[in-house]
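Colleague: Quick one: structure below, then a few questions.
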Amino acid sequence: MNENLFASFITPVILGLPLVTLIVLFPSLLFPTSNRLVSNRFVTLQQWMLQLVSKQMMSIHNSKGQTWALMLMSLILFIGSTNLLGLLPHSFTPTTQLSMNLGMAIPLWAGAVITGFRNKTKASLAHFLPQGTPTPLIPMLVIIETISLFIQPVALAVRLTANITAGHLLIHLIGGATLALMSISTTTALITFTILILLTILEFAVAMIQAYVFTLLVSLYLHDNT
């Protein structure tokens with residue numbers, strides 16, 4: 001019986017209980033709060049990384065945009081930790097589900113757009129019709145700008161889903177090929193196993209980069225509307 005390549009993306013269930021809830025809540029354990037007066041190396045490294053990322057993301061924002069700092073940092077930690085947990089054996093990655101990513105992207109995008117129309121109504125409407133547009137092109141340009149606006153959350157969610165899913169499928173395929181080649185050619189199996197290790201390391205980087213890209217784009221949407 002052929003194995004379904006997408007079986008690893010099905011939500012695992014034990015005793016009738018879906019594990020996705022525990023997997024989504026578990027990342028908070030990866031970032032513990034130290035009660036010591038002098039932080040250990042892990043907590044110090046964690047704080048340094050958070051300060052570095054927050055400085056890069058919030059440097060473009062004004063005083064109103066700075067109020068979104070906590071939300072953006074929580075978002076990048078949530079996406080990054082769930083992506084990393086999905087690389088563990090027999091685990092499930094929630095960010096491979098388009099429904100979940102749309103559930104994150106649409107409210108964040110809608111909040112940014114509504115904030116822009118409330119605080120900068122004229123500037124927000126001006127995005128639909130750039131200055132100097134020829135009169136015959138005005139109706140078409142307004143339609144194009146409207147479509148591009150509403151496609152932003154879809155592109156945001158699809159980008160994250162596609163990148164995470166593609167990496168997991170490659171790991172699954174190369175891992176299966178390695179197991180199949182072990183009984184045929186040990187040398188070839190070692191080569192594919194080396195490729196598998198390198199690809200896994202690359203996926204760790206992709207998991208963090210995609211969390212950064214998702215949060216950075218949300219930050220840019222907020223910057224355009226605050």
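For all residues, glycine too, the Cβ spot is worked out from N, Cα and C.
Sharing the features that Swiss-Prot gives for it:
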type     : residues : note
TRANSMEM : 6-26     : transmembrane segment
TRANSMEM : 68-88    : transmembrane segment
TRANSMEM : 97-117   : transmembrane segment
TRANSMEM : 138-158  : transmembrane segment
TRANSMEM : 164-184  : transmembrane segment
TRANSMEM : 189-209  : transmembrane segment
Colleague: State the non-local partners of the transmembrane segment (97-117) in its own chain: residues 6+ outside its ends, Cβ under 8 Å from one of its Cβ atoms.
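Modeller: Sequence-distant neighbours of the transmembrane segment (97-117): 9, 75, 79, 123-125, 149, 152-154, 156-158, 160-161, 214, 218, 221-222, 224-226.
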Colleague: In the same chain, who gets a Cβ under 8 Å from the transmembrane segment (189-209) while lying at least 6 residues past its ends?
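Modeller: For the transmembrane segment (189-209), the list is 80, 83-84, 86-87, 163-164, 167-168, 170-171, 174-175, 177-178, 181-182.
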